[in-house]
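> Take this structure first; my questions come after.
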Amino acid sequence: MNRRFAALVALVVVCAGAGLVAGRGMSPSALWDVVGGGGSLTERHILFQLRLPRLLVALGAGACLGVAGLVLQSALRNPLAGPEVTGVTPGAVLGAVTATGLGFAGWESPLAVVVAACLGGCAGAALLWLLAGRSAGDPAQTAVHGVLVSAVLGGLTAMVLLVAPGQLGSVVQWLVGTTEGRVWQHWHLLWPWALAWTAAAWLLAGPLTLLRCGDDIATAAGLATGRARRLALLCAVALTAGAVAAVGALGFVGLLVPHLALAVFGADLRRSLPGAALIGAVVVCGADAAAQLATRLLAAAPDGGALTLPVGALTTCVGAVLLLVVVRRAPDRTF
Amino acid sequence: MTEPMGIRVEGVHFGYPDRPVLRGVDLTVRPGELTALIGLNGCGKSTLLRLTAGLLRPAEGRVLLGTDDLARLSRRDTARRVALLHQSAPAVPGMTVHHLVRQGRYAARGPLGMLREGDDPVVRRALRDVGVESWAERPVDALSGGERQRVRLAMALAQDTRILLLDEPTTYLDLHHQLDVLRTVVRLREERGLTVVMVLHDLAHAARFAERIVALRDGRVAADGPPAEVVTPGLLADVLKVAGRVGRDPEGGWPVCYPDHPLAALGHENHIH
């Protein structure tokens, strides 16, 4: 088990290294110079003011989404639950977009974005809760209601975009999810939030593990399931909102990372919650490195200079394939 | 050995909007008693167990564990007094036997206590009690139906309660393993002074292992007493809706049923002595 954690940490370091090297505007050898204490002022600026915060934000957001997904799936006992399909992410996006559109928030005031995303995420989750009610543990029901809620929230987001197109460029980033242009300010806002809620989620590891056993068993074993579930959902919404406010709606990370975490670390959430954080960080950071590399390769092509591949597009494409695999082998047995 | 704890069910009514399930059940289970609940499917046996475990709240009446009113106990305090083995349980992908049984310690340790590693002697004892300690590290998903039943019994035992409720503990098991589970329950009850109430479908098991049989029909207690008094051709006909004859085990003296006996319907004397 410890060996698996060590391997994952090593993978995080490798992905982080790749993320630092992969970007445009600086060659790997120049990067090496800067690390060694040399390099020009511009190169130092690129590394320390642009690439490093971007990397940290990617790691933090990935960890948030991984933990949020695992908490959601455990609390709802639903392997197909995830922030994206339970209305949390679309709600958070709507909140962020609305706040930006109305001029309350923007790149200058990221805190307002976090708050707005949180409110939106809560609203999205509440909407699903109202619709699905007691059938929230039923994967098919939740999926259907989740699609409904996401469609409605997506429609509202589109309306806001049409009415207030002023900051369209930056707003669209939230829809796809990107780490482009994240600076220290974003990181300073993300890490305390992420740390606090991840710690809260970990403290809930015992109740969440019991919730995975089903409500009957959990109740008989002495867990007040309703309260535990509400606390868990609060954690999941807060973590998702933090991630959305930082990097936008990264598709499928929160849905698929928990499956990887459970496969690697087992159903004991004391271990698989930190595992999900690490795997989420690896996935988002790795995808970001791949997206940057692809962007760099595209830049070499004629007329490709203006193209930037957002990391969200990459996670969504890869995630869709993995989701198919998960759905096909989702267990449906009793014991 | 701690002092055994009794159960008192007083005037309990329970039902769903379209269907009453229990219509005034009174039942006193003495401390340390081994009681079997019998009756047809849907007569309210499982509901009565779930009410006693605090998983359901009665619409009327009350349930006392020892001297404590269940309605006043917190979820955790209830789980420290009474453990329930469910009829079935959902799959938990990726969980090992040891880990599942460990979940039974939740009430004793609390949410933060569950975070600590700690080698819990009660978990080890529970695994040993049902003889599954050798597969502690196997995934629950990979077990057979009978093995899972024993693991879930271990989980209930890990709660270390003085009252043990078993909802059809022998379902899914072959005869050998049925007897295995029942003998385990009888032995633990004697060793630890547990109060046991179990729903059984096999009247032969109830007559053989229980000190007392309580028969439910249409949400009421239809018969209550030691097996030798309760198990009669009349019980078979009225409660279980089968015609049958009842004899005695020549050595042990406990009642033996011959359900659907060809002579039973012919109006013969159905007590065989």
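Yeah, the Cβs are placed from backbone N, Cα and C, and that goes for glycine too.
Not my notes, these are from TrEMBL:
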TRANSMEM  A:55-73  transmembrane segment
TRANSMEM  A:85-105  transmembrane segment
TRANSMEM  A:111-131  transmembrane segment
TRANSMEM  A:143-164  transmembrane segment
TRANSMEM  A:190-211  transmembrane segment
TRANSMEM  A:231-256  transmembrane segment
TRANSMEM  A:306-327  transmembrane segment
> Look over the recorded stretches A:111-131, A:143-164, A:190-211, A:231-256, A:306-327 and say which has the most C-beta pairs under 8 A to the transmembrane segment (A:55-73).
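Ranking A:111-131, A:143-164, A:190-211, A:231-256, A:306-327 by Cβ pairs under 8 Å to the transmembrane segment (A:55-73) puts A:231-256 first.
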> Can you name the far-off residues of the same chain, 6+ from the ends of the transmembrane segment (A:306-327), with a Cβ under 8 Å from a Cβ of it?
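Here the qualifying positions are 58, 79-80, 173, 176-180, 247-253, 255-256, 259, 283-284, 287-288, 290-292, 294-295, 298-299.
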> Using a Cβ cut-off under 8 Å, which residues of the same chain at least 6 positions beyond either end of the transmembrane segment (A:190-211) come close to it?
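Here the qualifying positions are 56-57, 60-61, 63-64, 67-68, 71, 74-75, 77, 114, 217-218, 221, 223, 225, 228-229, 231-232, 235-236, 238-239, 242-243, 245-246, 267-270, 273-274, 277.
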> Can you work out which residues elsewhere in the same chain, 6+ from the ends of the transmembrane segment (A:85-105), have a Cβ less than 8 Å from its Cβ atoms?
68, 72, 76, 112-113, 115-125, 127-128, 142-143, 146-147, 149-150, 153-154, 156-157, 160-161, 163-164, 166-167, 170-171, 174-175, 236-237, 240-241, 244-245, 248-249, 254-255
> Grab the same-chain neighbours of the transmembrane segment (A:231-256) for me: Cβ-Cβ under 8 Å, and only residues 6 or more beyond its ends, written as numbers and ranges.
57-58, 60-62, 64-69, 71-72, 74-75, 80-85, 88-90, 92-93, 95-96, 110, 113-114, 116-118, 120-122, 125, 129, 173-179, 182, 186, 189-190, 193-194, 197-198, 200-201, 204, 207-208, 211, 280, 283-284, 311-312, 315-316, 318-320, 322-323, 326
